[in-house]
Amino acid sequence: MNKITINLNLNGEARSIVTEPNKRLLDLLREDFGLTSVKEGCSEGECGACTVIFNGDPVTTCCMLAGQADESTIITLEGVAEDGKPSLLQQCFLEAGAVQCGYCTPGMILTAKALLDKNPDPTDEEITVAMSGNLCRCTGYIKIHAAVRYAVERCAN
């Protein structure tokens, strides 16, 4: 099988990799780059566990081919930390109790980050709509919503 070369900005670093054209972006990130925050949940783009920020928008990587990432900018949870410490948004998730098993957390945080990067003062409805593509079986959604609202308030102060 022919290989393809993918050039991308991954977590702030220019990266290049040769891979199979039928490889999913999820598998490229996990297997080839070792970015294990990107989780496989449903494999249908419905649960949000595999969410990354792709050119500024949250996308599910289980339904994307790796080749679609050529010349793109991708942020995973590994790229969100600030100087090796949890970002403000990550801290807010912890402090609001929005983390239990943690499986959905990377996708939740990246979806929230994409929202707040575009709209630093979203309404409650905008938060609910933005987070609707991410499923959680543990905490429910009240604490997750509260964590995003808490981050908005802390950034305003």
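Using N, Cα and C of the backbone, Cβ positions are placed for all residues, glycine too.
A quick note: this is a predicted structure, and the numbers were derived from the prediction, not measured.
Copied over from Swiss-Prot, here are the features:
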- 4-80: domain '2Fe-2S ferredoxin-type' (DOMAIN)
- Cys42, Cys47, Cys50, Cys62: [2Fe-2S] cluster 1 binding site (BINDING)
- Cys101, Cys104, Cys136, Cys138: [2Fe-2S] cluster 2 binding site (BINDING)
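Swiss-Prot feature annotations superimposed on the structure.
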residue	record	CB count, 10 Å
Cys42	[2Fe-2S] cluster 1 binding site	14
Cys47	[2Fe-2S] cluster 1 binding site	22
Cys50	[2Fe-2S] cluster 1 binding site	27
Cys62	[2Fe-2S] cluster 1 binding site	23
Cys101	[2Fe-2S] cluster 2 binding site	10
Cys104	[2Fe-2S] cluster 2 binding site	25
Cys136	[2Fe-2S] cluster 2 binding site	22
Cys138	[2Fe-2S] cluster 2 binding site	13
With DSSP as the reference, give the number of residues of the domain '2Fe-2S ferredoxin-type' (4-80) in helix, strand and coil. 18 helix, 28 strand, 31 coil
Pop the Cα-Cα gap between Cys62 ([2Fe-2S] cluster 1 binding site) and Cys136 ([2Fe-2S] cluster 2 binding site) into the table, whole Å please. 17
Report the nearest neighbour of Cys47 ([2Fe-2S] cluster 1 binding site) in space among the binding-site residues Cys101, Cys104, Cys138, comparing Cα positions. Cys104
Mean pLDDT over the domain '2Fe-2S ferredoxin-type' (4-80): what is the value? 98
Round to a whole number and give the Cα-to-Cα distance in Å for the pair Cys138 ([2Fe-2S] cluster 2 binding site) and Cys42 ([2Fe-2S] cluster 1 binding site). 16
So among Cys42, Cys50, Cys62, all listed as binding-site residues, which is physically nearest to Cys104 ([2Fe-2S] cluster 2 binding site)? Use the C-alpha atoms. Cys50
What kind of secondary structure is Cys138 ([2Fe-2S] cluster 2 binding site) part of, going by DSSP in three states? coil
